[in-house]
Amino acid sequence: MKFFALFIYRPVATILLSVAITLCGILGFRMLPVAPLPQVDFPVIIVSASLPGASPETMASSVATPLERSLGRIAGVSEMTSSSSLGSTRIILQFDFDRDINGAARDVQAAINAAQSLLPSGMPSRPTYRKANPSDAPIMILTLTSDTYSQGELYDFASTQLAPTISQIDGVGDVDVGGSSLPAVRVGLNPQALFNQGVSLDDVRTAVSNANVRKPQGALEDGTHRWQIQTNDELKTAAEYQPLIIHYNNGGAVRLGDVATVTDSVQDVRNAGMTNAKPAILLMIRKLPEANIIQTVDSIRAKLPELQETIPAAIDLQIAQDRSPTIRASLEEVEQTLIISVALVILVVFLFLRSGRATIIPAVSVPVSLIGTFAAMYLCGFSLNNLSLMALTIATGFVVDDAIVVLENIARHLEAGMKPLQAALQGTREVGFTVLSMSLSLVAVFLPLLLMGGLPGRLLREFAVTLSVAIGISLLVSLTLTPMMCGWMLKASKPREQKRLRGFGRMLVALQQGYGKSLKWVLNHTRLVGVVLLGTIALNIWLYISIPKTFFPEQDTGVLMGGIQADQSISFQAMRGKLQDFMKIIRDDPAVDNVTGFTGGSRVNSGMMFITLKPRDERSETAQQIIDRLRVKLAKEPGANLFLMAVQDIRVGGRQSNASYQYTLLSDDLAALREWEPKIRKKLATLPELADVNSDQQDNGAEMNLVYDRDTMARLGIDVQAANSLLNNAFGQRQISTIYQPMNQYKVVMEVDPRYTQDISALEKMFVINNEGKAIPLSYFAKWQPANAPLSVNHQGLSAASTISFNLPTGKSLSDASAAIDRAMTQLGVPSTVRGSFAGTAQVFQETMNSQVILIIAAIATVYIVLGILYESYVHPLTILSTLPSAGVGALLALELFNAPFSLIALIGIMLLIGIVKKNAIMMVDFALEAQRHGNLTPQEAIFQACLLRFRPIMMTTLAALFGALPLVLSGGDGSELRQPLGITIVGGLVMSQLLTLYTTPVVYLFFDRLRLRFSRKPKQTVTE
């Protein structure tokens, strides 16, 4: 009591304490970073290696495997996957959450160094690594277009000037330049001209390489001067290479231009990028795992004017895609929802107390509690994101509850004629323990969340801590500022004023009287209520088992990603046409604002598209509805598929795929994997629970298989090395020399001119110069025939792997899909040599599913322990927790009604309900125990009186929590997909709980009291202390 009096009788100190809390909160708010969600990115590092011209199988065995063995020894690697395609290998390392990305990078570099001696000697450069997740959508895409400069020149500006500068910006993890390649001098050989002149391809390669040499020449000096020696040993342009003498035939010089077309072109002609309908170079910017997306985007935008000045005016630099506007809009929506919630809960107080002065008190205490929370959020390193702001929105109902309980009890004493200061002290003393019990037991709900590991634990931790801090500050404010303001602002009510009840007041009295009558009937029919209570428990179990489940609600971020997968034998020219056709279909859709895409590189039959939708207020459909509409139009394109998926703020794993969810097949027997993967994929494609089923296994590419006749080769004086060198020179876009420029290094690329490689007959024109100087056609010692070959070879760990990706059709959940996949695998009878498991987000969903029930039980157990300690009783906590089954039924029924699957957000709602609905029982039990102790009432009289006496604060706190959550249900706009499941769960649970617990709690209280008396050694003792 002295504690309360200290603040009630020292108003200046109490006000200044509240002002200090508020100022600290305002300061913290101004310094808090902004993000879509809490920081939950896994540390991911990509290791890349190249060997131009090498087949996928060669890359996998000679490059990927040695690197994997070395990288696999690094501590903290949770997953290692690799993909090897024509001339390139990429290994993706995903680390544990607690692994420092910089320390991991040092270990990766050491592992690369250790494996270097095992790698092929012909690699043009050492393997490199980048700290970025390739499966993440870019946070920003910049495009370069020009009517003056070529694509190669644009690429040069992008990779040489723009990308390095952008990479230095804080938060940027990777800048991927696509749409073309660096400028190069291309030597397109004419096989017939070479044969006529008796010049081999190796002769051309050697001549070009020897003609362009950059070596130190030294210096001359005498007694007084020194001269640096400089020669014209370098050739820079196609015009300089064209007259190069490469051979003498019968005394005549054979120049490079006589046997080849030499052009200033690009390093790899099989690349194309577009923005809308225009050729473009794309700069796809991804953030570091620990970086804040808003701060990073703002830093890039601030740098753009400076970047524009570094490139010619004829080049147009534009932002094609920016992830930040929808994130900002989503956060603005949450902030508006928070303000509306505060206004609604204050309205509840006014309606019940019908006093402007009394309403001012929660109107002050609620903002103080919420604003003060920002200071703690800053100290904890949190951000302003959808979950933390949703926590504050929900907290409005909690923090006002504490103020309501104190305020209502003080108001009750004032209505009885007590003086304000005395009423404030007496009223606070009576409910101080109640408020403490409600707050501590509510915080206890979140203890299991704080101890939860993995991605779900990291995701929910910020929500739980934010809400717990708000409750803690609210507890302090409710026991200090609220009673002080009541004592100095409120006035004692006169008896005649108490009789003037109109409007809402009269309705409340009528409700209370009706409740009293119905409660008498219920207390005389306790068995029926017991049956209802047991029924709700059974219904909870059935609803939880049957409700569709997913990991995280599908978000509409306004951005779509598309993966193009064409026939495995498609040419680059045809693939570029497919990209243009798909982009036209997408661009013509009225909901699309911008579309960019690219194709080429090591995987000719694939491409990527990035689609920006119009803002939510300019379109009526959701992202998923737009995807469903486009899917029908895109299906009409023959020879290729475009798989669309909505970009999400959370994407688990480092695998790049054409759909949102992955199912991975592993085997140590590559033949078994190649046999069963098509069977499994075709079976999954028939399931109605899955859409857009596709696979990264591409083992049906067209190949021309050459078989050497080694005996003939030996007789003709030709070795395998010379034959393979011929093929690499002719068809491998072989980099034969380097051109050094001040800003970059460029390549001289040699191949047979594409005009002579339009069909298989090109092989017949190839020849090798033997050791006698004779031209021997390839057909003399080799035979060839068409065959199938893999376009890529994939590993997970050191096992062969294939990942099947899928999306969810409208109306289907991830639990439906995972159950259907499990059934399909069982029906197919897949052998034990082929192992299947979910990956990425689907894997985390499986892990979360297994822990959800344990988490709920742990929360209930924690609350029971806290209540047992507070009440020094084993029984009363059970009475209080008996309110939970009805809340669970209401929450699950509401989700079913709104066709919302049970997600991680809904789980938060269930956890919150555990804390919310028990408040009603705490208020009833507290006053019933007090009445038994000091009023000499029977248990039935005590609980009946407690129910009637606490009816008004119970209704106030429930409606406050309900109105606090209602804006989440009704909110639209950006980010509503995250807010609505939480609001639906809470509102549904509160409505059902309020209808039932007003009756079930008294019955359970009496049941346990009778049970206690039956087993008590002292039957005359009324209350368990």
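Positions of Cβ are set from backbone N, Cα and C atoms, glycine also.
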Using the annotation in Swiss-Prot, determine whether Val465 and Leu1011 are placed on a common side of the membrane.
no
Do at least three C-beta pairs under 8 angstroms join the transmembrane segment (948-970) to the transmembrane segment (360-379), pairs 6 or more apart in sequence?
no
Beyond a gap of at least 6 residues from its ends, the CB atoms lying under 8 Å from the transmembrane segment (895-917) belong to 394, 397-398, 441-442, 445-446, 449, 456, 459-460, 463, 467, 543-544, 547-553, 811, 813-815, 848, 852, 855-856, 859-860, 863, 883-884, 886-888, 961, 978, 980-986, 988-990, 993, 997
Stretch with greatest number of CB pairs under 8 Å, the transmembrane segment (336-353) reference, 7-29, 360-379, 389-411, 468-490 candidates:
389-411
Could you check whether the transmembrane segment (468-490) packs against the transmembrane segment (985-1007) - three or more CB pairs closer than 8 Å, residues at least 6 apart in sequence?
no
Same-chain residues at least 6 beyond the ends of the transmembrane segment (360-379) with a Cβ under 8 Å from one of its Cβ atoms are 18, 21-22, 24-29, 31-32, 338, 342, 345-346, 349, 388, 392, 395-396, 399-400, 403-404, 407, 465-466, 469-470, 473-474, 477-478, 481-482, 485-486, 489
Other same-chain positions with a Cβ less than 8 Å from the topological domain 'Cytoplasmic' (1-6) and lying at least 6 residues past its termini are 425, 428-429, 432, 479, 483
Same-chain residue ranges lying at least 6 outside the transmembrane segment (389-411) that approach it to Cβ under 8 Å:
331, 334-335, 337-338, 341-342, 345-346, 348-349, 352-353, 355, 358, 361-362, 365-366, 369-370, 373, 423-424, 427-428, 430-431, 434-435, 438-439, 442, 462-464, 466-467, 470-471, 473-475, 477-479, 482-483, 486-487, 490, 912, 915-916, 919, 923, 952-953, 956-957, 960-965, 967-968, 978-979, 982, 986
